[in-house]
Amino acid sequence: MSYEAYKLIHIFGMYLLFLSLGGITLYTVNGGKKSENKFKTVAAITHGVALLLIIVAGFGLMKFRGISHSALPVWVILKIVIWLAFGGLLAMASKKEKFAKILWFVFPLLGLAAAYLAFYQPF
């Protein structure tokens, strides 16, 4: 697969990730209960597929850039930590309105941090 294909898959995964996180977060902020959400399964599957696409394409992009999987740079490790945070925070976003309101602003900031690390590779 080409570098451009991996990049496209990576970006598509990000779109799916923010779609699922935004949908669940908005539902919770508007007073919806997790048990009453008829679309929670679809949102959770979308979230999982998004995370899978992001990590697989991310490692594919690393291959093209010549980054060894055995000695990861700090910026890659930080991106993996952000990826793990995105994975775990869906549960928080769906539980309490208070958390969801905070996460509404945290999610874009985490995305910005991940983009910064990818573009500038500061460490």
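Cβ atoms are placed via backbone N, Cα and C, with glycine included.
Curation plays no part in TrEMBL annotations; they are all automatic predictions.
So that you can see what the record holds, here are the features copied from TrEMBL:
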TRANSMEM  6-29  transmembrane segment
TRANSMEM  41-62  transmembrane segment
TRANSMEM  74-93  transmembrane segment
TRANSMEM  102-120  transmembrane segment
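Here the transmembrane segment (102-120) has Cβ contacts under 8 Å with residues 14, 18, 21-22, 25-26, 29, 75, 78-79, 82-83, 85-86, 89, 92-93 of the same chain, all six or more residues outside its ends.
Sequence-distant contacts of the transmembrane segment (6-29) (same chain, at least 6 residues past either end, Cβ-Cβ under 8 Å): 37, 39-40, 43-44, 46-47, 49-54, 56-58, 60-61, 64, 86, 89-90, 93-97, 99-101, 103-104, 107, 111.
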